[in-house]
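**Q** My questions all concern the structure below.
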Amino acid sequence: MEGEERKGEAGPGPGRLSALQEQLIWALLGSGLSREVLVHALGELERERVTPGAEKGDRGDGESSEEGEMDFPPPIFQELEALAPEEAARQRALVDQLLQEDPWRVAKLVKSYMQQHNLPQREVVESIGLNQSHLSQHLNKGTPMKNQKRAALYSWYVRKQGEISQQFTNARHALGSGEEQGEDVRKGRRNRFKWGPASQQILFHAYERQRNPSKEEREGLVEECNRAECLQRGVSPSQLAGLGSNLVTEVRVYNWFANRRKEEAFRHKLALDMPYNSQSASSTNHTLSHSPEQGMKYSQQITCDNLGSSRGHNGDRGLGGRLASPIQLEPSHTLLETHHHKPVSGGGPLPPVSTLTSLHSLSASPAPHHGLIMTSLPSVMSLGESSLLIGQTVPVINNVGGGFTTLQPISFQQQLHSTSQQQLTQQFQSHMGHHHSPFMATMAQLPCHMYSKSDMSHYPPSSLLSQAMVITDSSSLGTLTSLTTVRQILTTDPEEQTDQPIQEDSLHLQSPSPVPVSSGNLQLYPPSQSSESHPPHRLSSSPADINSYIPAQMVSTAQ
C-alpha cells in the first residue's frame with residue numbers, strides 16, 4: 001500500500017491521473033503484481049518503443065514487399081565490413097543520415113544519380129540482392145521499403161559515389177595500377193554499355209545530316225559524345241578516362257548508325273506492305289462474301305446427241321468435215337465463271353441461258369409480274385447460196401404470275417434463206433424497238449451476228465451453234481411466234497444442194513400434232529424421245545393460264 005501511495009503521489013507531477021488510469025493501476029496491483037515488477041515492466045516497454053519499435057514500424061511500412069527476402073544480410077554489408085575501419089565508419093554514418101531523411105526524396109536522389117552516370121538497375125540488384133521490380137517501384141513511385149533494404153540501397157549509393165569520384169580523380173594516371181584495380185572490381189559485374197541522353201541527342205542530329213558518315217566524321221562524333229558525357233556527370237572533359245565502361249568509341253558510333261539505317265529500312269518496308277495487306281484483306285473478305293456465287297454453275301441440256309452418228313450413217317462427206325456436233329460441245333457451260341475467262345469474239349458462241357430457279361410467293365408480292373419468256377434463238381448466218389442446218393435446244397425460262405421459274409429446253413429446226421433472214425431480223429428489231437422498257441430497249445441494241453462463208457474457217461466448230469438471247473414479255477410473245485420456222489442444210493459446195501436429203505429422224509420431234517399443253521403440267525418432250533436425251537423439265541403449277549404462251553411452231557417440226 002505504501003508503494004501505491006507513492007505511485008499516486010508521484011503521478012500528479014505533470015498532471016493528475018484520470019479515473020480510468022487509476023482504476024487500471026489499482027487493478028494491476030490488485031492482481032498480485034508488486035511495485036518493483038510493475039516498474040521493471042514499464043521500463044522494458046519504453047525501451048522496446050525506442051529501439052525495436054522502429055523495426056516493428058518498418059514491418060508495417062513494408063507490407064507490400066516480399067516477406068522473408070532479407071532473412072540473410074545483403075552482400076553489400078559483407079563488402080562494407082571488408083573495408084578499412086575508417087572508411088566503413090564514414091559510410092555507415094552517411095547511410096544512417098539518409099535513413100533519417102524522407103524515403104521518397106532519397107529515392108529520387110538515387111534515381112537521378114543513376115541516370116546521370118548511366119547506371120543500370122541490374123547492378124543495384126546484384127549488389128544488394130533486392131528484387132528488381134520492388135526496386136523499380138521504390139525509385140519511380142516511392143513504394144515503401146523496409147529499413148534493412150533501404151540501408152542496403154543507401155550503402156550501395158554511398159559506395160558508388162566514392163568509386164566514381166575516385167575514377168575521375170585518378171583518370172590521368174589510371175593507365176597503371178588503377179586500371180588493373182578497376183578490372184578486378186568490375187570482374188564479377190561488368191556493366192553493359194548504355195548510350196546516355198546527351199550522346200543520343202548528338203548522334204540523332206548527325207544522322208539527319210548524314211546517314212552513313214565516314215570514319216573521320218565518326219571520330220569527330222566520338223569526341224563530342226565523350227565531352228557531353230563528362231559534362232553530364234559534372235566533371236571536366238580532361239577526365240575522360242573516368243567514364244569507364246561508358247566511354248564512347250568509334251566502333252560503337254559505327255554500330256549505332258548501322259542500327260538506325262536498319263530500323264529506317266524496316267519501317268519503310270512496313271509502310272509499303274501496309275496498303276498491300278489492307279487491299280489483300282479487303283479482297284479476301286470480298287471473295288469470301290461472294291464465294292457461294294463462284295461455285296454456281298448453270299448447265300444446258302443438249303438433246304441433239306445423235307447428230308454426229310446420223311451424219312456418219314448417211315455418208316455425208318461435206319457435213320462430216322464442216323458441221324460440228326453438239327456432242328463436241330461441253331454439256332455444261334458456266335455463266336458465272338471466275339477461274340477461266342474465255343474471250344467472247346464476234347463469231348463465238350454466247351453463253352447459254354442459265355438454269356435460273358427462283359421461288360416467289362404470290363402473297364408476298366403486291367402485284368404479280370408478267371410472265372417472262374427468255375429464249376435462245378439460233379444465230380442468223382449468211383452463207384451465200386448454201387444453207388445451214390441448225391438443230392439445237394432452245395432453253396425457255398417461263399415465269400408465270402410470279403410462280404416457280406424454271407428452264408425448259410425446246411428442240412426445233414429452222415431453214416433460214418437470204419429472204420427469211422432479213423425478215424427475221426426486221427421483225428425482231430421492230431418488236432424490240434417499239435417496247436418502252438429501258439431494259440428491253442437495251443436488249444434491242446444487241447446486233448444479230450452475221451457471218452459469211454469465208455469467215456467460218458476462223459472460228460472453231462462450236463461457233464456454228466452460236467446463240468442470241470431474246471428476252472421478251474409474255475404479252476408480246478405473238479411477235480416472237482410469228483417468226484418463220486424453216487430449216488437450213490449446210491453443204492460444202494453449192495453443187496451438192498441437189499444431193500439426197502439426209503434422214504434426221506433422231507433430230508425431230510415425231511409427233512403429227514402439237515404436244516398437248518396445260519397450265520397444270522407442261523411437258524415439252526414426248527416420252528419417246530426423253531429416253532435417249534436428258535429428262536424433261538416440267539413447270540410447276542401456276543394459277544395463271546399459259547396455254548396462249550406456248551405456240552405450236554416451237555414444239556412441232558417443219559418437214
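Just so you know, glycine gets a Cβ as well, placed from its N, Cα and C.
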**Q** In Swiss-Prot, which of 159-162, 259-262 is tagged region 'Interaction with DNA'?
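**A** Of the candidate stretches, Swiss-Prot labels 259-262 as region 'Interaction with DNA'.
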**Q** In Swiss-Prot, which of 146-149, 178-181, 282-285 is tagged region 'Interaction with DNA'?
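**A** Going through 146-149, 178-181, 282-285 one by one, Swiss-Prot gives region 'Interaction with DNA' for 146-149.
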**Q** Residue list, the region 'Interaction with DNA' (192-195) vs rest of chain: Cβ under 8 Å, 6 or more residues beyond ends.
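**A** Residues 118, 120, 203, 245-246, 252, 256.
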**Q** Across the motif 'Nuclear localization signal' (186-194), what does the mean pLDDT come to, as a whole number?
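**A** On average, pLDDT over the motif 'Nuclear localization signal' (186-194) sits at 60.
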**Q** Please work out the helix, strand and coil residue numbers for the region 'Interaction with DNA' (146-149) from the DSSP assignment.
**A** 3 helix, 0 strand, 1 coil
